[in-house]
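Here the structure is laid out as structure tokens; the discussion comes afterwards.
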Amino acid sequence: MTTTTVYDEMIEARRPPDLRSGVAGWLRKNLFNGPVNSVITIITAGLMAWALWPLLQWAVLQADWIGQTREDCSGEGACWVFISARFETIVYGFYPEAARWRVDIIFAMLAALIAWLAIPRLPAKRWVGLFALVGFPVVAYFLLVGGHFGLMYVPTREWGGLMLTLTIATVGIVGSLPLGVILALGRRSKMPLVKSVCVVFIEFWRGVPLITVLFMASVMLPLFVPTEVDFDKLLRALVGIMFFWSAYMAEVVRGGLQAIDKGQNEAGQALGLSYWQRMGLIILPQALKLVIPGIVNTFIALFKDTSLVLIIGLFDLLAIVRAGLTDPNWLGFATEGYVFAALVFWVFCFSMSRYSQYIERKLHTGHRR
Amino acid sequence: MLRSSSRARGPLWRNPAVRALVFQAILLLALVALVAMIVFNTMANLEARGITTGFGFLNERAGFSIPQTLIDYSGNSTYARTFIVGLLNTLLVSVMGIVAATIIGFAVGISRLSTNWLLAKLAAVYVETFRNIPLLVQILFWYFAVLQALPSPRQSLAVFDIFFINVRGLVMPDPQPLPGFEAVLWALLLAVGMVALLVLYARRRQARTGKALPMYWLGAALIIGLPLLVFLATGMPLEWSIPEMAGFNFRGGVTIIPELMALWLALSIYTAAFIAEIVRSGIQSVPHGQVEAARSLSLPGNITLRKVVIPQAMRVIVPQLTSQYLNLIKNSSLATAIGYPDLVAVFAGTALNQTGQAIEIVAMTMAVYLVISLVVSALMNIYNARTLLKER
């Protein structure tokens, strides 16, 4: 005999799952998911409100934007008049006013070149890149320094502000990358002397702070050359910065070189390619592509550290802002000055780091979860 | 048809071994020429300027005072003493910075992985803000915009009436050891030794029986308990010097100069942003399968974290962390911008300006940082070799 169970009434419907969509669902999932998280959310939100509201009031709501002198500032919020009144100096430094159009041209060219190289869809990357590395520095040198073709000569001690910061950063980047590649190749060389020279060079620069390098460039380099040679102060700093960062660049590139399979090199050898053909056509294109994020990170570090030149008496963006703070007409605006300088540097560095992340995602076409 | 081997070799300049030799010989010649030129020029330049080379200046009287010294120092001290004072100040701010940056960095890095959206975003904003602003700007901001805006000593901000913050720095109670305090230090040393032995024993015991001792609790109890016991038994041989307002300044207590505070704040906050990223990437680098495997063995969450995730994450984190510590030590040289008396400021700055011995002083300063870097790198290589995956 078998028994069968038969329901003679409907089973009650189960409750639907928790609300998982919409604003309430998002809030529950991300902010109030359990008692601990709820407490964390409330504390964090409270802290943010406590810190951000006065900041917003100071920086925007109660700030003064328009005017010429410090009397135009109410004193309740930030006095951005301090920045706008000396904006020209912050951008051009002491560059003679009549010649500032030359700086503008270089700014425009730099922006166009960077945009061209950064936007993947634009063609002829190789030629534009070659121009950026070789042609542009020459054009920039003749335009900025002057003294030829009827242009007024502008000594480097009159350079300053954002223009000087960008000059140092660009020269540092353009100089340290090729030097770093050579050093990285040298470090992997089979020739013992070449290898040891590169290792010592790299480890030396990586072991000392940039500031001592700048000190060395400003007090020791003049001793190393004959007295007759007049070594420009800016040029000395640039040499120091280039050597210093090329060592970091070399280590980044070495990481890429090590990641390339040995078979690639051996295949090149089997085809009878010379060392430079193998490196230039097979190894380096792959290795450099792998380490683009690392290279950009080094660029960011280099850009941030251009501010150190103020210690040896060059007037970069930060130094110009700082010099403005000692103006007797404008005492007491240290916060505005440094916040502005921080903001300018932040915009440059943050865009570079975003771009590096974008490239990383674009190149990372392999396995992804 | 076979050719004879002597002809198959081809001309000499196609032989890789010969070419390598020639190339290296040229490089060597160029290097020797460069060095000779530098030495020759330097000698000529120094002679023209009337500077004698050598380290004799180290025994001369320095003749300037330094606002913060960890050892006895006065204007009558020698330049060698200046060097040591600067070095100690560099090490002081570096150690303080490393401790603070590690704590903030780990907190922010772990927060960034939190399931709490608000906390994770806040941590991300912290990282992206402070990582992308030059350290020098941050140092100057803290020093000139924040600390210089503090009130004068008479209007100090008081915390519990024992800590006072003003434009001249942070004044706080200073512990003064009385005779007999050495016993507490010896007890601490003893406790550390005992814990080390206990760890060895616990490891062997676990290997034999599979049972673990509660080492965290035992260790903490020993290291805190034993010195505390000795401290109480010897009749608390410690006195606090409490700062008091006297005239225009404070008497008693110990003052942390604003330069040190600004540098410490900036170094910690800046480096913490990098450490946070390292911690995050380290934890994320542990394959998810590891956590799933631990879960399928029904390990509880905290054991999974402590015994599975963290040990594997540390392998990624520690080398990068060390390089951040080295960066912090090197970055502490930015002290010279606000006048904190570190090695670069007092030795490569003031001492160099007074003596003009540029080569010796810059070389000594660089050598200090180089030695620190090389020692830490060597220790790092040992660590890497020990934590390498033991693959069979």
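Using N, Cα and C of the backbone, Cβ positions are placed for all residues, glycine too.
Because TrEMBL annotations are produced automatically, they should be read as predictions rather than curated entries.
What you see is a predicted model, and the numbers here were worked out from it, not measured in a lab.
The transmembrane segment annotation in TrEMBL covers B:21-40 (among others).
The transmembrane segment annotation in TrEMBL covers B:83-110 (among others).
Per TrEMBL, the feature domain 'ABC transmembrane type-1' maps to B:87-380.
Same-chain neighbours of the transmembrane segment (B:122-145): 108-109, 111-112, 114, 258-259, 261-263, 265-267, 269-270, 272-274, 276-277, 331, 334, 337-338, counting only residues six or more beyond its ends whose CB sits under 8 Å from a CB of the stretch. As annotated by TrEMBL, transmembrane segment applies to B:122-145 (among others).
The transmembrane segment annotation in TrEMBL covers B:183-202 (among others).
Within the same chain, residues 180-181, 183-188, 190-192, 194-195, 198-199, 202 sit at least 6 positions outside the transmembrane segment (B:214-236) and bring their C-beta atoms closer than 8 Å to a C-beta of that stretch. Among the features that TrEMBL reports, transmembrane segment is placed at B:214-236 (among others).
The transmembrane segment annotation in TrEMBL covers B:256-276 (among others).
According to TrEMBL, the feature transmembrane segment maps to B:334-352 (among others).
Annotated transmembrane segment per TrEMBL: B:358-383 (among others), in sequence order.
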Most Cβ pairs under 8 Å with the transmembrane segment (B:83-110), selected from B:21-40, B:334-352, B:358-383: B:334-352
